[in-house]
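> Under the heading transmembrane segment, Swiss-Prot lists 10-30, 51-71, 79-99, 107-127, 146-166, 178-198, 203-223, 227-247, 250-270, 302-322, citing sequence analysis as support.
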Amino acid sequence: MMLGITELTYTALIAFLIVIIIGPIFIPMLRKFKFGQTVRDDGPQTHLAKNGTPTMGGIIMIVAILITGLTRVKVSHDMAVGLICIAGFGFIGFLDDFIKIKLKRSLGLKAYQKIILQVALSFYVAFYQYTSSSSASQLMIPFTDFVINVGILYIPIMMFIIVAIVNAVNLTDGLDGLASGVTLIVSVFFMLFASSIAGNTEVAVLAAATVGACLGFLGFNSYPARVFMGDTGSMALGGAVVAFSVLTNSVLIIPIIGGIYFAEALSVLIQVGYFKATRKRFFKMAPIHHHFEQCGWPETRVVFIFWIITVVLAWISIIAVF
(Lines of atoms letter the chains of each structure in order from A; the text may use other names.)
(Lines give C-alpha, C1' and ligand atoms only; values in the text may rest on other atoms or scores of the structure.)
Protein backbone atom coordinates (compact mmCIF):
# COMPACT_ATOMS: atom_id res chain seq x y z
CA MET A 1 0.00 0.00 0.00
CA MET A 2 1.35 3.41 -0.97
CA LEU A 3 1.78 6.03 1.73
CA GLY A 4 0.48 9.54 1.16
CA ILE A 5 2.30 12.75 1.98
CA THR A 6 0.73 12.84 5.46
CA GLU A 7 2.07 9.39 6.36
CA LEU A 8 5.49 10.25 4.93
CA THR A 9 5.51 13.45 6.98
CA TYR A 10 4.79 11.39 10.10
CA THR A 11 7.66 9.10 9.12
CA ALA A 12 10.06 12.02 8.80
CA LEU A 13 8.82 13.43 12.11
CA ILE A 14 9.52 10.15 13.91
CA ALA A 15 13.12 10.09 12.68
CA PHE A 16 13.49 13.79 13.51
CA LEU A 17 12.28 13.25 17.09
CA ILE A 18 14.57 10.26 17.59
CA VAL A 19 17.58 12.37 16.56
CA ILE A 20 16.75 15.37 18.75
CA ILE A 21 16.03 13.09 21.73
CA ILE A 22 19.16 10.94 21.35
CA GLY A 23 21.47 13.80 20.35
CA PRO A 24 21.72 15.61 23.71
CA ILE A 25 22.45 12.27 25.39
CA PHE A 26 24.87 10.84 22.84
CA ILE A 27 26.97 13.92 22.04
CA PRO A 28 28.24 14.37 25.64
CA MET A 29 29.13 10.66 25.62
CA LEU A 30 31.28 11.18 22.53
CA ARG A 31 33.01 14.05 24.31
CA LYS A 32 33.45 12.03 27.52
CA PHE A 33 35.07 9.11 25.71
CA LYS A 34 37.24 11.51 23.69
CA PHE A 35 35.82 10.79 20.25
CA GLY A 36 36.98 14.19 19.04
CA GLN A 37 37.82 15.23 15.48
CA THR A 38 41.49 15.85 14.74
CA VAL A 39 41.67 18.68 12.20
CA ARG A 40 44.51 18.27 9.71
CA ASP A 41 47.05 21.09 9.42
CA ASP A 42 46.88 21.07 5.61
CA GLY A 43 43.21 22.06 5.59
CA PRO A 44 41.77 25.57 5.81
CA GLN A 45 43.29 27.43 8.76
CA THR A 46 39.85 28.60 9.85
CA HIS A 47 39.00 24.97 10.63
CA LEU A 48 41.71 24.57 13.27
CA ALA A 49 39.32 25.95 15.89
CA LYS A 50 37.12 22.88 15.28
CA ASN A 51 39.79 20.55 16.62
CA GLY A 52 38.34 18.27 19.29
CA THR A 53 34.71 18.66 18.20
CA PRO A 54 32.94 15.33 18.85
CA THR A 55 32.64 13.18 15.74
CA MET A 56 30.90 9.93 14.75
CA GLY A 57 27.59 11.68 15.34
CA GLY A 58 26.33 9.90 12.24
CA ILE A 59 25.48 7.02 14.56
CA ILE A 60 22.51 9.11 15.71
CA MET A 61 21.15 9.36 12.17
CA ILE A 62 21.73 5.67 11.46
CA VAL A 63 19.81 4.66 14.59
CA ALA A 64 16.95 7.01 13.71
CA ILE A 65 16.68 5.75 10.13
CA LEU A 66 16.90 2.08 11.12
CA ILE A 67 14.27 2.37 13.86
CA THR A 68 11.92 4.37 11.66
CA GLY A 69 12.38 2.10 8.65
CA LEU A 70 11.79 -1.06 10.67
CA THR A 71 8.65 0.23 12.37
CA ARG A 72 6.83 2.13 9.61
CA VAL A 73 6.38 -0.63 7.01
CA LYS A 74 6.66 -4.40 6.76
CA VAL A 75 10.26 -5.27 5.98
CA SER A 76 10.69 -7.04 2.65
CA HIS A 77 13.25 -7.01 -0.17
CA ASP A 78 13.65 -3.29 -0.80
CA MET A 79 13.65 -2.24 2.85
CA ALA A 80 16.20 -4.95 3.66
CA VAL A 81 18.52 -3.83 0.85
CA GLY A 82 18.13 -0.20 1.89
CA LEU A 83 18.92 -0.85 5.53
CA ILE A 84 21.91 -3.02 4.56
CA CYS A 85 23.25 -0.16 2.41
CA ILE A 86 22.87 2.40 5.19
CA ALA A 87 24.12 0.22 8.05
CA GLY A 88 26.81 -1.51 5.98
CA PHE A 89 28.46 1.60 4.57
CA GLY A 90 27.93 3.31 7.92
CA PHE A 91 29.88 0.49 9.57
CA ILE A 92 32.77 0.93 7.12
CA GLY A 93 32.78 4.61 8.03
CA PHE A 94 32.68 3.71 11.72
CA LEU A 95 35.78 1.55 11.34
CA ASP A 96 37.51 4.42 9.55
CA ASP A 97 36.60 6.89 12.31
CA PHE A 98 37.52 4.51 15.11
CA ILE A 99 40.96 3.83 13.65
CA LYS A 100 41.60 7.55 13.19
CA ILE A 101 40.61 8.48 16.72
CA LYS A 102 41.39 5.56 18.98
CA LEU A 103 44.29 3.95 17.12
CA LYS A 104 45.75 7.39 16.29
CA ARG A 105 46.14 6.60 12.58
CA SER A 106 45.34 9.97 10.99
CA LEU A 107 44.07 8.59 7.67
CA GLY A 108 41.96 5.81 9.21
CA LEU A 109 41.53 2.69 7.13
CA LYS A 110 44.19 2.29 4.48
CA ALA A 111 42.90 3.13 1.00
CA TYR A 112 42.98 -0.48 -0.21
CA GLN A 113 41.18 -1.69 2.92
CA LYS A 114 38.40 0.84 2.46
CA ILE A 115 38.03 0.02 -1.24
CA ILE A 116 37.94 -3.74 -0.59
CA LEU A 117 35.15 -3.32 1.96
CA GLN A 118 33.20 -0.94 -0.26
CA VAL A 119 33.56 -3.15 -3.34
CA ALA A 120 32.51 -6.23 -1.37
CA LEU A 121 29.36 -4.54 -0.08
CA SER A 122 28.58 -3.00 -3.48
CA PHE A 123 28.90 -6.44 -5.10
CA TYR A 124 26.48 -7.90 -2.57
CA VAL A 125 23.94 -5.14 -3.18
CA ALA A 126 24.28 -5.26 -6.99
CA PHE A 127 24.20 -9.06 -7.20
CA TYR A 128 21.30 -9.39 -4.76
CA GLN A 129 19.28 -6.75 -6.59
CA TYR A 130 20.03 -8.24 -10.02
CA THR A 131 19.03 -11.77 -8.98
CA SER A 132 16.00 -10.69 -6.95
CA SER A 133 14.32 -8.20 -9.27
CA SER A 134 13.43 -8.96 -12.88
CA SER A 135 13.48 -5.25 -13.74
CA ALA A 136 16.72 -4.36 -11.95
CA SER A 137 18.79 -4.12 -15.14
CA GLN A 138 16.35 -1.66 -16.76
CA LEU A 139 17.71 1.80 -16.00
CA MET A 140 15.53 4.86 -16.44
CA ILE A 141 16.91 7.54 -18.77
CA PRO A 142 16.20 11.07 -17.45
CA PHE A 143 14.11 13.46 -19.59
CA THR A 144 12.76 10.54 -21.65
CA ASP A 145 10.24 7.73 -21.35
CA PHE A 146 12.89 5.21 -22.30
CA VAL A 147 14.80 2.66 -20.25
CA ILE A 148 18.05 0.93 -21.11
CA ASN A 149 18.47 -2.75 -20.32
CA VAL A 150 22.12 -3.38 -19.46
CA GLY A 151 21.67 -7.09 -18.72
CA ILE A 152 24.42 -8.84 -16.77
CA LEU A 153 26.56 -5.70 -17.09
CA TYR A 154 24.25 -4.31 -14.40
CA ILE A 155 26.44 -5.86 -11.70
CA PRO A 156 29.81 -4.23 -12.58
CA ILE A 157 28.11 -0.97 -13.58
CA MET A 158 26.25 -0.79 -10.28
CA MET A 159 29.34 -1.69 -8.30
CA PHE A 160 31.20 1.24 -9.84
CA ILE A 161 28.29 3.64 -9.34
CA ILE A 162 27.68 2.55 -5.74
CA VAL A 163 31.32 3.03 -4.71
CA ALA A 164 31.42 6.37 -6.55
CA ILE A 165 28.28 7.67 -4.83
CA VAL A 166 29.40 6.67 -1.35
CA ASN A 167 32.80 8.30 -1.73
CA ALA A 168 31.34 11.42 -3.35
CA VAL A 169 28.97 11.95 -0.42
CA ASN A 170 31.89 11.32 1.92
CA LEU A 171 33.92 14.07 0.20
CA THR A 172 30.97 16.47 0.54
CA ASP A 173 31.14 16.26 4.33
CA GLY A 174 33.71 19.00 4.86
CA LEU A 175 31.72 21.98 6.17
CA ASP A 176 29.21 22.34 8.99
CA GLY A 177 25.80 21.29 7.72
CA LEU A 178 26.88 20.73 4.12
CA ALA A 179 26.44 16.97 3.65
CA SER A 180 23.41 16.75 5.94
CA GLY A 181 21.67 19.69 4.24
CA VAL A 182 22.39 18.55 0.69
CA THR A 183 21.32 14.98 1.47
CA LEU A 184 18.14 16.23 3.12
CA ILE A 185 17.15 17.92 -0.16
CA VAL A 186 18.18 14.88 -2.21
CA SER A 187 16.08 12.68 0.09
CA VAL A 188 13.02 14.91 -0.33
CA PHE A 189 13.28 14.41 -4.08
CA PHE A 190 13.55 10.62 -3.78
CA MET A 191 10.71 10.54 -1.25
CA LEU A 192 8.42 12.26 -3.76
CA PHE A 193 9.73 10.24 -6.71
CA ALA A 194 9.45 6.87 -4.94
CA SER A 195 5.98 7.57 -3.57
CA SER A 196 4.51 8.73 -6.87
CA ILE A 197 6.32 7.78 -10.09
CA ALA A 198 8.28 4.72 -8.91
CA GLY A 199 5.49 3.44 -6.68
CA ASN A 200 7.94 2.12 -4.10
CA THR A 201 6.61 2.50 -0.55
CA GLU A 202 9.72 1.16 1.16
CA VAL A 203 12.08 3.56 -0.60
CA ALA A 204 9.67 6.41 0.11
CA VAL A 205 9.72 5.52 3.81
CA LEU A 206 13.52 5.24 3.86
CA ALA A 207 13.83 8.60 2.13
CA ALA A 208 11.35 10.21 4.52
CA ALA A 209 13.25 8.79 7.49
CA THR A 210 16.47 10.19 6.05
CA VAL A 211 14.82 13.60 5.62
CA GLY A 212 13.81 13.62 9.28
CA ALA A 213 17.18 12.33 10.48
CA CYS A 214 19.11 14.93 8.47
CA LEU A 215 16.83 17.74 9.62
CA GLY A 216 17.26 16.74 13.25
CA PHE A 217 21.01 16.36 12.85
CA LEU A 218 21.27 19.85 11.34
CA GLY A 219 20.23 21.16 14.75
CA PHE A 220 23.55 19.88 16.09
CA ASN A 221 25.66 20.05 12.92
CA SER A 222 24.87 23.49 11.47
CA TYR A 223 27.48 26.21 11.99
CA PRO A 224 29.06 26.21 14.51
CA ALA A 225 28.75 22.43 14.72
CA ARG A 226 28.38 20.80 18.12
CA VAL A 227 29.10 17.43 16.53
CA PHE A 228 30.39 16.07 13.22
CA MET A 229 28.81 13.09 11.50
CA GLY A 230 32.23 11.63 10.68
CA ASP A 231 32.79 9.01 8.01
CA THR A 232 30.23 6.98 9.96
CA GLY A 233 27.51 9.41 8.95
CA SER A 234 28.72 10.48 5.52
CA MET A 235 29.12 6.90 4.28
CA ALA A 236 25.75 5.95 5.78
CA LEU A 237 24.16 8.86 3.91
CA GLY A 238 25.99 7.71 0.80
CA GLY A 239 24.48 4.28 1.37
CA ALA A 240 21.05 5.88 1.66
CA VAL A 241 21.42 7.70 -1.67
CA VAL A 242 22.61 4.41 -3.19
CA ALA A 243 19.52 2.64 -1.88
CA PHE A 244 17.11 5.31 -3.15
CA SER A 245 18.55 5.28 -6.67
CA VAL A 246 19.33 1.58 -7.08
CA LEU A 247 15.96 0.39 -5.78
CA THR A 248 14.06 2.76 -8.09
CA ASN A 249 16.26 2.04 -11.16
CA SER A 250 17.12 5.74 -11.27
CA VAL A 251 20.89 5.83 -10.80
CA LEU A 252 21.26 7.86 -14.01
CA ILE A 253 19.54 10.79 -12.27
CA ILE A 254 22.32 10.99 -9.66
CA PRO A 255 24.60 13.33 -11.68
CA ILE A 256 21.66 15.77 -11.68
CA ILE A 257 20.05 15.52 -8.23
CA GLY A 258 23.46 14.71 -6.74
CA GLY A 259 25.24 17.42 -8.70
CA ILE A 260 26.98 18.75 -5.60
CA TYR A 261 28.32 15.27 -4.79
CA PHE A 262 29.46 14.95 -8.41
CA ALA A 263 31.19 18.35 -8.35
CA GLU A 264 32.97 17.57 -5.08
CA ALA A 265 34.34 14.26 -6.39
CA LEU A 266 35.22 15.70 -9.80
CA SER A 267 37.13 18.57 -8.19
CA VAL A 268 39.33 16.09 -6.32
CA LEU A 269 40.00 14.06 -9.48
CA ILE A 270 40.87 17.22 -11.42
CA GLN A 271 43.12 18.48 -8.63
CA VAL A 272 45.03 15.21 -8.34
CA GLY A 273 45.34 14.68 -12.10
CA TYR A 274 46.36 18.26 -12.82
CA PHE A 275 48.94 18.25 -10.03
CA LYS A 276 50.49 15.00 -11.25
CA ALA A 277 50.73 16.41 -14.77
CA THR A 278 51.94 19.94 -14.00
CA ARG A 279 53.02 19.95 -10.33
CA LYS A 280 50.57 22.83 -9.93
CA ARG A 281 47.12 23.01 -8.36
CA PHE A 282 44.03 23.62 -10.47
CA PHE A 283 41.97 24.69 -7.44
CA LYS A 284 43.28 26.54 -4.42
CA MET A 285 42.17 23.51 -2.41
CA ALA A 286 40.01 20.46 -3.02
CA PRO A 287 37.26 19.34 -2.57
CA ILE A 288 35.73 22.39 -4.19
CA HIS A 289 33.98 23.69 -1.06
CA HIS A 290 37.44 24.39 0.38
CA HIS A 291 38.39 26.24 -2.83
CA PHE A 292 35.60 28.74 -2.21
CA GLU A 293 36.70 29.11 1.41
CA GLN A 294 40.21 29.89 0.21
CA CYS A 295 38.69 32.50 -2.11
CA GLY A 296 37.42 34.29 0.99
CA TRP A 297 33.86 32.99 1.21
CA PRO A 298 32.59 32.39 4.76
CA GLU A 299 31.82 28.75 5.49
CA THR A 300 28.14 29.54 6.01
CA ARG A 301 27.91 31.21 2.59
CA VAL A 302 29.42 28.20 0.82
CA VAL A 303 27.00 25.85 2.57
CA PHE A 304 23.95 28.01 1.87
CA ILE A 305 24.79 28.41 -1.82
CA PHE A 306 25.40 24.66 -2.19
CA TRP A 307 22.00 24.06 -0.58
CA ILE A 308 20.37 26.47 -3.06
CA ILE A 309 22.11 24.76 -5.97
CA THR A 310 20.78 21.41 -4.75
CA VAL A 311 17.23 22.80 -4.56
CA VAL A 312 17.55 23.98 -8.18
CA LEU A 313 18.94 20.57 -9.18
CA ALA A 314 15.99 18.93 -7.42
CA TRP A 315 13.58 21.01 -9.53
CA ILE A 316 15.44 19.99 -12.68
CA SER A 317 15.34 16.35 -11.54
CA ILE A 318 11.58 16.58 -11.03
CA ILE A 319 11.25 17.77 -14.63
CA ALA A 320 13.51 14.90 -15.71
CA VAL A 321 11.42 12.13 -14.17
CA PHE A 322 7.85 13.37 -13.75
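Backbone N, Cα and C define each Cβ position, glycine as well.
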> Please tell me whether the transmembrane segment (146-166) and the transmembrane segment (178-198) touch - that is, whether there are at least 3 C-beta pairs under 8 Å between them, with each pair 6 or more apart in sequence.
no
> State, in range form, which of 51-71, 79-99, 107-127 has the highest count of Cβ pairs under 8 Å to the transmembrane segment (227-247).
79-99
> Given the cut-off of 8 Å on Cβ pairs that are 6 or more apart in sequence, determine whether the transmembrane segment (10-30) and the transmembrane segment (203-223) share at least 3 such pairs.
yes
> Return yes if the transmembrane segment (203-223) and the transmembrane segment (250-270) have at least 3 CB pairs under 8 Å (sequence gap of 6 or more), otherwise no.
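When sequence-distant Cβ pairs are counted, the transmembrane segment (250-270) does not touch the transmembrane segment (203-223), since fewer than 3 lie under 8 Å.
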> Ranking 51-71, 250-270, 302-322 by Cβ pairs under 8 Å to the transmembrane segment (178-198), which is first?
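Ranked by Cβ pairs under 8 Å, first place goes to 302-322.
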